[in-house]
Each structure stands twice: as C-alpha cells, then as structure tokens.
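Only one structure is covered here, and it is reproduced in the block below.
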Amino acid sequence: MCFSFSQIPALTEVHARTNGLLDNFHSFFDRVMSRFYVDEKVFPPKGHRYTAVYSRDKEYLFDVNSIYFFTPAIRSRIIQFILDRKRFSLNNNDDFAFGIERLIADDVYNAAYPLHDGDLHRPGSMRHLLYTEWAAVRRLLRYQPLDYVKEYFGVKIGLYFAWLGFYTHMLFPAAVIGLLCFVYSCLTLYTNQPSEDICNKQLDIKMCPLCDYFCDYWSLDETCLHARVTYLFDNGTTVFFAIVMSFWAAMFLELWKRYSAEITHRWDLTSFDVQEEHPRPQYLARLAHVKRKHKNVVTDTWEPHVPFWSMRFPATMLSFSAVLLLVAMAVVAVLGVVLYRMSLLAALSVYGDSYITSYALLFTTATAASINLCCIMVFNLIYTWIAERLTEVELLRTQTEFDDSLTLKIYLLQFVNYYASIFYIAFFKGKFVGYPGKYSRLFGYRKEECGPGGCLMELCIQLAIIMVGKQAMNTLLEMAYPFFYKWLNTLKVKTGFEPGSPATSRSKQWMKDFKLVEWGPRGLFPEYLEMVLQYGFVTIFVAAFPLAPFFALLNNVLEMRLDAKKLLTFYRRPVSQRVRDIGVWYRILDSIGKLSVITNGCIIAFTSNFIPRLVFTYVVSEDSSLNGFLNHSLSYFNVSELEKGAAPVKTEFDNITICRYPEYREPPWSENKYAKTAMFWHVLAARLAFIVIFENVVVFVMILVRWCIPDMSSCLRDQIRRETYITNEIIISQETYQARQKCRSRSPDGESAVSEGHDPEADVHYRRALHAAPTGADLDLVVMARAHEEQERRLRAEEEERRKLTDNSRDSPTKL
C-alpha cells in the first residue's frame with residue numbers, strides 16, 4: 001500500500017505554501033542571475049549533434065550537404081594539416097623541403113592564416129558580435145558564450161577560456177573569505193598584546209646590533225609599525241584560511257573535472273584519442289633516414305623507430321642537464337639578491353640615522369623584491385628560448401607530446417625563477433643565524449635575520465610585489481606587444497617594406513588580416529603559464545598572504561576580456577586545434593595543490609609565530625593570555641662577549657651591558673649560558689606535531705572530497721551511453737538501407753529483394769529509440785529522426801510505385 005503525505009490536508013497546505021516561497025525565491029534568483037548569464041537573444045543556444053568518426057568510404061552515413069558539416073574552425077585545421085605536410089621540392093636529399101612554414105621562412109610566401117569573419121566594427125559578422133558582446137570590458141560580469149568561442153577559434157582556445165572562466169568563478173568564495181580574515185585582523189589590530197608590548201616605549205628594550213661594526217644597539221619600539229603590520233597576516237585566522245584554501249584547491253580540481261566532462265561531451269570530444277594524432281612533420285623529417293620501422297597499433301601505419309641508446313637517450317640527458325644548469329642559475333640569482341639585502345642593510349646602518357635604521361628591514365625587502373622581479377622577467381625570455389631548442393632535440397612524435405614536454409620544462413624553470421626567493425624567506429632566512437656571540441657567516445658576512453615578529457612580514461611583501469607586480473606587468477606587455485607589432489606591420493605595408501597588394505585590394509579581408517600579428521602554434525602557452533603561476537601564489541603561499549585570491553580575482557576578471565579583445569583585435573585568426581582537455585596543465589595544478597598542503601603547514605609552523613604563541617598561552621601563561629610573551633621570546637646577551645670586530649664602533653647608548661635577541665637560549669648568568677632552553681624543544685615539538693596533524697587532517701578531507709565528487713555526473717554518463725546507442729542505431733539503419741539498395745540493384749525482381757532485407761519490427765524499434773531520446777537531446781535529433789522517417793516514406797512510395805508498374809506490365813504485356 002502506498003501512502004503520501006500530500007493526503008493530509010494540513011500538510012498539503014504547508015507543502016503548497018513552501019513551494020510558493022521556493023518558487024518566489026527561485027524566480028527572484030533567476031531574475032538576478034539573468035543579468036550575468038549569456039543573453040540567449042544574442043547568442044542562441046547551440047543544438048547538440050550526433051557525430052561519428054568521418055570515413056570517405058561511408059560518406060552516406062553523414063549529412064554532407066549540411067552547412068554545419070564542417071565548421072570554419074575544422075576547415076582551417078584540415079587545410080593547415082595539408083599545408084604542414086606537403087612537399088614542394090623534387091630533391092629527395094632535402095628532408096625538410098615540406099610545409100608552408102619552410103616556404104614562409106624562405107620568403108616564398110609572406111604569411112598563411114585563416115581569415116577573420118568580417119570586419120571588427122561592422123555589424124553582421126561573428127567577429128563583431130564576439131567583440132561587442134564577449135570581449136567588451138563592460139561585459140566582464142557576464143558569463144562567456146563558450147560554444148560560439150569554440151566555433152570561431154576552435155576547441156583548444158575554447159577550453160582555455162572555459163578553464164579561465166571556471167577558475168575565476170571559483171576564486172570568488174576564496175577572495176571573500178580572505179577579505180573577511182583581513183578585515184578581522186584590521187579590527188583586532190590594537191588588541192594584540194605582543195605588538196602592543198613592542199610599541200610600548202616604557203619597556204625600553206635594547207636589541208643587539210643588526211650587523212657587525214657599523215650597526216648600533218637599537219630600541220625595540222622602533223619596529224612598532226613592522227610588528228603591527230605583521231599581525232595583519234600572522235594571527236589566528238592564518239591557520240583557518242590555510243585549511244580553507246587547501247580544501248578549496250581540492251574542490252577546484254574535482255569540480256573542474258566534472259565541468260570538463262560536460263564540456264567534453266557538449267563539444268563532441270568524448271571519443272577523441274590522442275594516440276590517433278598524426279606524427280609531427282618535423283619528427284618524420286628528422287627520422288627520414290632511419291631504416292627501422294614499427295607499426296602503430298592505433299593508426300595501423302608504419303612509422304620510423306627511434307633508436308633509444310643512439311638518439312633518444314643522449315637527447316634526454318642533454319635536456320635534463322641543461323634544465324638542471326638553468327635551475328642552478330636561478331638559485332644563484334636568488335643568492336645574489338640575498339647578498340644584496342645583507343650589504344644594503346649594513347650600508348643603511350652606517351649613517352646611524354634612527355629613522356633609516358628602524359625602516360631598514362622594510363626598505364631592504366621591498367627593493368630586493370623589485371630587483372628579483374626584474375631578474376625574473378629577463379630570465380623568462382632566456383628560459384623559453386632554450387626550452388624550445390631542447391624539446392626539438394628530444395624527437396617527440398606528436399604535437400601533444402611536444403607541447404607537454406615543453407610545458408614541463410618551462411614551468412619547472414619558471415617555478416624556480418618565481419618561487420626560489422619566496423621559499424628562501426619562508427623556510428631558510430633567519431633559521432640558522434646563530435646568536436650574537438657565535439653568528440653563522442656566509443662569505444664573512446652574517447646571515448640574514450628575521451625581525452622580532454618573524455619573517456612572515458617580509459614573505460608577505462615579497463609575495464605581494466612579485467605576484468601583483470608580475471600580473472600588472474604581464475597585462476601591460478600582453479597588450480603593448482601585439483599593439484606595437486600590429487602598428488609595425490601596418491607601417492611596413494603602407495611604406496612598401498613588406499610586399500603587399502595593390503591599393504584596390506587593401507580593403508579586402510585578407511589584406512586587413514595581413515596587418516595583424518601571427519598567433520603562433522604555442523600562443524596559449526604564456527596565457528596558461530601566467531594563470532598557473534598565479535594559482536601557485538594563491539595556494540602554495542596563501543598562509544602568508546590572505547589577499548592573494550582577491551588580487552587574483554580582480555586580475556582574472558579583466559584578463560578574460562583583455563585576452564578576448566587581444567585575439568579579436570591584434571592577432572590573425574588562429575588555426576583550430578582539437579584537444580580533449582587542458583593537457584599537462586591539469587597534472588601541474590594537481591601537483592601544486594598537493595605541495596600547497598606541505599608549504600602552508602610549514603609556513604604556519606616555522607615562519608609565523610602562531611605555534612610559539614600557542615605554546616606560551618597554554619603552557620607558560622597563568623591566565624591563558626599573551627601577557628609577557630614578548631619578554632619570554634627574547635633572550636639576554638652580555639655585550640662584552642661580542643665577537644671581535646662585531647661590536648659597534650660607536651654607540652648612542654651609554655653603559656649598556658645587556659642586549660636582547662629573538663631566541664630561546666639561556667641567559668649569560670646561568671650555568672649553561674646561551675644553550676637552548678627547554679622551551680625551545682617544547683616549541684619545536686609543537687611545530688612538528690602541528691605539521692603532522694595539519695597535513696593528515698587536510699589530506700584526509702581532500703581524499704573525502706574527491707571520493708564524494710565523481711568525475712562525471714550519473715545523468716551525463718547515462719546520456720552519453722544513450723546517445724552512443726542511438727548513434728549506433730542510426731549507423732545500423734543506414735547500413736541496412738545501403739544493403740537493400742545494393743540487393744535491389746542486383747536482383748531482377750526488386751520486390752523480393754526489398755522484402756527479404758526489410759525488417760518492419762527493426763524499423764519500429766528504431767523510430768521508438770529516436771523518439772525516446774533524453775530530454776535535452778535537442779532539435780537536431782528530432783530533425784534527424786524526421787529526415788529518416790521521410791527517407792523511409794519515400795522508399796516505401798518508390799517500392800509501391802515499382803510494384804504497380806510491375807503489376808501493370810504483367811496485366812498488359814502489349815504496353816512494354
């Protein structure tokens with residue numbers, strides 16, 4: 001017996017009212033979100049089409065007369081495939097005498113490119129529509145018309161904008177949480193007891209010199225501003241936000257896989273296999289003289305076999321060694337910046353001006369970060385050029401393999417280039433400096449020390465300058481470079497330096513596009529690289545800079561529209577490329593997410609003062625507060641025991657005998673003077689315990705999130721299976737029809753041939769299958785079903801007419 005709660009009148013009334021409230025809420029939400037969704041009047045939804053791998057032998061299976069059979073993007077890809085492999089010389093000794101790129105390099109042709117769809121500012125073209133409704137900055141809050149972007153630029157560029165839009169959308173909750181944490185820090189700024197103690201001049205704490213000989217003793221209250229700013233990024237919300245961002249990274253990747261599966265299905269990439277990709281023409285040319293061949297089991301073609309020991313192994317070792325050398329160069333550059341900071345700090349202290357000395361840490365960190373940013377931009381150009389040459393030597397078969405290998409090399413180099421100085425500040429600076437009586441030295445200089453509040457403030461400054469400065473500089477250069485080269489191409493054509501066409505053809509579309517800049521085969525690489533490096537700043541070091549997601553969000557909202565405007569305005573139309581996903585970038589993002597768990601845990605444990613404050617509150621303090629924490633975290637030193645040459649040459653403080661330094665060591669009047677105290681080992685044990693607990697908890701939750709979120713929804717999986725079944729039914733039906741036609745043409749009695757090959761039950765079952773398609777199967781499926789039914793109706797009409805003619809001929813033999 002089935003019972004429903006709707007049978008109870010009271011509950012029915014409540015149910016109706018609840019539905020009414022929900023309906024009102026949904027209608028209000030839809031009205032609000034309609035301002036952000038894609039305008040369907042401007043960009044009508046694209047219908048889903050059932051497709052199969054094209055075969056010329058079975059062309060009857062395809063609707064070749066449809067204007068949508070090949071999109072413009074696919075046509076450009078077919079033409080580019082032919083042009084890249086066509087030989088142009090009868091000289092068999094020249095293995096590289098093929099391809100349009102070689103002809104362009106030899107000045108036989110000036111350029112080869114697909115044409116843009118119409119003029120940029122003339123209505124009626126897809127280019128104008130995308131420029132005004134997608135690339136316009138005033139549309140930055142609207143969703144992107146990804147189907148139209150894919151149709152115009154191809155799958156690869158469409159996937160990039162889909163990923164960038166999804167990443168930007170996911171940054172919104174992270175940015176809001178980061179802003180709330182920062183606002184909380186601002187509101188509680190003057191309630192932090194350690195920073196208030198530092199600013200208290202009545203304590204009159206004299207600190208040991210920051211450098212040898214020239215530096216004087218200094219008062220701790222001079223770093224009041226430094227301590228208060230440090231609190232903004234080093235408080236209780238730091239741990240909370242680091243945990244949130246670790247979960248966010250796991251959610252981002254899992255939800256992207258789910259969203260990517262929907263795009264892959266919608267854009268007909270589900271059955272795409274990269275193993276079916278043809279070899280690169282450069283790969284075949286380099287191996288033209290290799291006699292040994294092997295058969296590709298996927299494409300069923302014979303391809304040259306690359307000898308491992310004589311060709312592939314030396315190329316791999318050369319590439320590996322060169323990458324290690326470049327990584328070492330990046331580390332040396334970081335070492336140079338460290339020496340700059342050490343020498344500048346000593347030079348500023350020579351003047352003895354208390355104002356300069358008190359702000360020496362902030363000034364030195366800011367200038368060093370700026371110099372590091374300039375070095376990064378210069379090294380980027382060198383790294384990219386060398387990585388491309390190394391990848392060419394590796395003899396990679398397909399363009400996908402080539403791009404993935406190049407991506408890994410450049411990203412590894414860029415990772416070291418951008419993050420080496422940040423890792424140094426986070427995990428090495430101030431950790432092995434010793435104490436005033438026995439400093440650790442590098443090239444005769446004292447190693448860098450952190451301020452009384454730790455190195456987190458310097459890490460935050462380094463992150464902010466490199467991340468925000470890099471984004472601002474890249475945005476300017478991304479728009480300035482193509483604008484300059486477009487102006488240069490236009491100038492060359494007008495002045496005659498570049499061979500052009502007569503003035504009558506300068507208004508043609510091909511001539512207008514000739515003045516634009518070439519996109520190149522790896523035009524998307526710098527775009528992905530910029531975003532993935534930004535993702536590293538957002539996840540790996542977010543514990544030190546909670547505002548990173550907010551600045552990333554601001555940058556990306558503008559970046560999407562500027563990238564779109566750049567593609568439509570400054571560049572020639574790229575050749576379409578077919579890919580299934582974002583490639584090796586996903587594995588890089590996954591590795592960054594796993595690395596971020598380790599780095600954030602170590603930053604909280606070793607770089608910030610969170611653990612020492614926690615131990616003091618629950619172990620040392622009697623009232624569970626931070627009263628006395630500052631004095632507890634500073635050790636005493638007898639100035640008479642300073643190393644020879646380390647004592648100040650002159651001092652403003654008279655009769656000073658004791659100075660303080662941030663460490664947990666015994667005072668000079670104890671038996672084991674300057675030995676590490678028991679508190680040091682308690683804090684170290686707490687730091688290690690925190691890392692173990694933090695990482696295990698975060699990893700467990702990340703695994704739980706990945707288990708709870710499947711890569712593909714069950715509805716989408718069922719829809720794919722259903723569409724595969726219907727596609728097979730369509731192919732079987734068409735094959736059956738072709739078999740009937742062949743039997744009819746061979747048999748003298750058409751009626752018997754058709755009746756033998758005709759299965760009415762199969763036709764009925766097929767038509768039912770078409771009409772039972774999923775609810776979103778779109779208009780194309782209905783049109784296809786109606787077209788098939790119309791074809792069957794014409795076939796039956798022809799059979800009936802033939803049957804009548806046959807009957808008439810039998811009844812009236814004199815008419816023949």
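Here the Cβ of each residue, glycine as well, is placed from N, Cα and C on the backbone.
Summarising the annotation, TrEMBL assigns domain 'Anoctamin dimerisation' to 14-146. The predicted model assigns the domain 'Anoctamin dimerisation' (14-146) a mean pLDDT of 76.
The domain 'Anoctamin transmembrane' annotation in TrEMBL covers 149-723.
Annotated transmembrane segment per TrEMBL: 160-185 (among others), in sequence order.
Residues annotated as transmembrane segment in TrEMBL: 238-256 (among others). Non-local neighbours of the transmembrane segment (238-256) in the same chain are 163, 166-167, 170, 173-174, 177-178, 181, 538-539, 542-543, 546, 549, 586, 589-590, 592-593, 596-597, 600-601, 603-604, 608, 610, 694, 697-698, 701-702, 705-706, 709, 711; each lies 6+ residues outside the stretch with a CB under 8 Å from one of its CB atoms.
For the transmembrane segment (318-340), same-chain residues at least 6 beyond its ends with a Cβ under 8 Å from one of its own Cβ atoms are 368, 371-372, 375, 379, 382-383, 386-387, 390-391, 393-394, 409, 412-413, 416-417, 420-421, 424, 443, 445, 448. According to TrEMBL, the transmembrane segment annotation covers 318-340 (among others).
Through the fold, the transmembrane segment (360-386) approaches residues 210, 223, 225-226, 322, 326, 329-330, 333-334, 337, 340-341, 344-345, 348-349, 410, 413-414, 417-418, 421, 451, 458, 461-462, 465-466, 469-470, 473 of its own chain, all at least 6 residues removed from its boundaries and within a Cβ separation under 8 Å. Residues or ranges marked as transmembrane segment by TrEMBL: 360-386 (among others).
The transmembrane segment feature in TrEMBL is assigned to 406-427 (among others). Packing against the transmembrane segment (406-427) from elsewhere in the chain are residues 319, 323, 326-327, 330-331, 333-334, 337-338, 369, 372, 376, 379-380, 383-384, 387-388, 390-391, 455, 458-459, 462-463, 466, 470, 522, 525, 528-529, 532-533, 536, 540-541, 544, 583-585, 588, 599, 602-603, 606-607: each is 6 or more residues past its ends and has a CB under 8 Å from a CB in it.
TrEMBL lists 532-558 (among others) with the feature transmembrane segment. Long-range Cβ contacts of the transmembrane segment (532-558) within its own chain (Cβ-Cβ under 8 Å, at least 6 residues beyond either end) map to 137, 140-141, 164, 167-168, 171-172, 174-175, 177-179, 181-182, 233, 237-239, 241-242, 245-246, 248-249, 411, 414-415, 418-419, 422, 426, 456, 459-460, 463-464, 466-468, 470-471, 475, 585, 588-589, 592-593, 595-596, 599-600, 603-604, 607-608.
Listed by sequence, the residues of this chain that lie at least six past the ends of the transmembrane segment (684-707) yet keep a Cβ under 8 A from its Cβ atoms are 239, 243, 246-247, 249-251, 254, 593, 597-598, 600-602, 604-606, 611, 614-615. Per TrEMBL, transmembrane segment is recorded for 684-707 (among others).
Per TrEMBL, the feature region 'Disordered' maps to 741-760 (among others).
Per TrEMBL, region 'Disordered' is recorded for 792-816 (among others).
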